[in-house]
C-alpha cells in the first residue's frame with residue numbers, strides 16, 4: 001500500500017507488477033542518460049569559445065543521431081511489448097470474479113459459485129475502527145486465494161469506471177456494455193487497496209477497492225461461510 005510522502009511505486013505483489021517495476025527502472029535509466037548527455041552538450045556550448053560556423057555537411061553525425069535514437073526506441077519497445085502480452089495472457093484460471101462498477105460502489109460475483117455475490121461500499125469515516133484507513137476501507141472485502149491465477153471480468157452498470165489496484169499492477173477500464181479482462185496473481189497474503197481511477201461523478205473518490213489475499217484453505221472456509 002502507499003505511505004504518506006512516499007516517492008516511487010508501491011511494493012510489487014504480483015509477477016506483473018515486478019516486471020512493470022523493472023521496466024520503469026530500465027526506462028528511467030535511459031531517460032537519465034539522455035538528459036545527462038543533453039545537459040553536458042549544452043553546458044559545453046555555453047562555457048567554451050571553440051565554435052565551428054562553417055560546417056555545411058556532417059553525414060557521420062547525422063547517421064549517428066538517426067541510428068542511436070532508433071536503437072534506444074527499440075530497447076524501450078521490446079520489453080514494453082513483452083509485458084503487454086504477459087498482462088493479457090491467462091491460462092486455466094483457478095477462479096473467475098465478475099466486477100461491476102456503479103455510481104458509486106462496486107459489486108462482485110464469484111461465477112464459479114452459485115450464490116456468492118455482494119456489493120462493496122466505502123466505510124464512512126464515522127464507522128472506522130482504530131487502524132483503518134480513511135476513504136480506503138469497505139464493508140465487504142474481495143477475498144481471493146493467493147498464488148493462483150484469477151481472472152477478473154470487469155464492466156460497468158452506468159458510466160465509465162476504472163478498477164485499479166497499484167500494488168498488483170492492475171488498472172482496467174469498466175465500460176458499460178463491454179466486458180474487459182484482467183489477471184490477478186498475488187505472491188503473498190495481505191490487504192491491498194485501490195480506487196476507481198476514472199472520474200465517474202460527484203462521489204468518484206468514494207469508490208475504494210480492498211483485496212484480501214489469503215491461503216487457499218482460508219479462502220475455501222470463507223467461501224463456504226458466505227454461501
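Any Cβ shown, glycine's included, is placed from N, Cα and C.
Listed features, source Swiss-Prot:
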BINDING   198  Mg(2+) binding site
TOPO_DOM  1-14  topological domain 'Mitochondrial intermembrane'
TOPO_DOM  46-59  topological domain 'Mitochondrial matrix'
TOPO_DOM  88-227  topological domain 'Mitochondrial intermembrane'
TRANSMEM  15-45  transmembrane segment
TRANSMEM  60-87  transmembrane segment
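DSSP labels the residues of the topological domain 'Mitochondrial intermembrane' (1-14) in these numbers: 0 helix, 0 strand, 14 coil. For the topological domain 'Mitochondrial intermembrane' (1-14), the residues of the chain that approach it from at least six positions outside its boundaries are 20-21, 24, 166-170, 184-188, 190-193, 213, judged by C-beta separation under 8 angstroms.
Using a 10 Å radius centred on the Cβ of residue 198 (Mg(2+) binding site) and all shown protein chains, the other Cβ atoms total 18. Look at the residue listed as 'Mg(2+) binding site': DSSP puts it in coil. Across the topological domain 'Mitochondrial intermembrane' (88-227), the DSSP tally of helix, strand and coil residues reads 21 helix, 61 strand, 58 coil.
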